[in-house]
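Per TrEMBL, these features apply:
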type: TRANSMEM; residues: 35-56; note: transmembrane segment
type: TRANSMEM; residues: 93-110; note: transmembrane segment
type: TRANSMEM; residues: 116-136; note: transmembrane segment
type: TRANSMEM; residues: 157-176; note: transmembrane segment
Ligand SMILES: Nc1ccn([C@@H]2O[C@H](COP(=O)(O)OP(=O)(O)OP(=O)(O)O)[C@@H](O)[C@H]2O)c(=O)n1
Ligand SMILES: C/C(=C\CO)CCC[C@H](C)CCC[C@H](C)CCCC(C)C
């Protein structure tokens, strides 16, 4: 099994083994070993295929995991702001950064099937429904409003946060993991924009000549963090 595993791990190991005769082995004793290795390798490959979970199960589990993660993220920052461990405006930006970054980080959990992107799209879709329901005040969710709004008004959910999850939804459906356009755009929107705020608000005393609300350091942080994130 270990030998077969090693042969699987490196495609050359099986070739090397079949060309060179190990010391102390007669051709007679060596031949069956070659045979066993060959059979073992294909058996392990067949076993791996047979025991792999069906794509639909894998994608279903990944969707559940990411949906629960999104819920936990918002709850965590609600608790942190409630206990005054994190400032409200900082909490909103951290949720902004982490939502996109962790969502992209969850993509490898999905299978390679053609339907995988639709499963992944369920996560921003559910979150957009959630923002609509609470933003329109059909129900109330204090935690969500506190974690992602500026002033604590439910209507605010229908602006920045809703546009944000709709961009995630669009990018997953159109670009998924296959195009760098999606990854770069989401990295800029989540990481770049979030870091521009976090750094710019604290250290951005020198403003851009054409926009007095934005600073040089904030804009530079946006490009650097967006670039680093998309290259990861
Ligand atoms: N290039 C940038 C972007 C942002 N900022 C800083 O981050 C703050 C928020 O910027 P932004 O994220 O663009 O604004 P919003 O999220 O729309 O607004 P809010 O201030 O309500 O968070 C700005 O006021 C500014 O201090 C900056 O210095 N340079
Ligand atoms: C505060 C926000 C934008 C305005 O600046 C972001 C709002 C985020 C949403 C309420 C939650 C979005 C969750 C993502 C769709 C999925 C995250 C999954 C991950 C595994 C945690």
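Glycine is no exception: its Cβ is also placed from the backbone N, Cα and C atoms.
Tertiary neighbourhood of the transmembrane segment (157-176): same-chain residues 96, 99-100, 103, 107, 116-118, 120-121, 123-125, 127-128, 131-132, 134-136, 144-145, 148-149, 182-183, 185-186, 189, selected by CB-CB distance under 8 Å and a gap of 6+ residues from either end. Listed as Cβ neighbours of the transmembrane segment (116-136) (distance under 8 Å, sequence separation of 6 or more from its ends, same chain) are residues 55, 59-60, 62-63, 66-67, 70, 103, 106-107, 110, 144-145, 154-158, 161-162, 165-166, 168-169, 172-173, 176.
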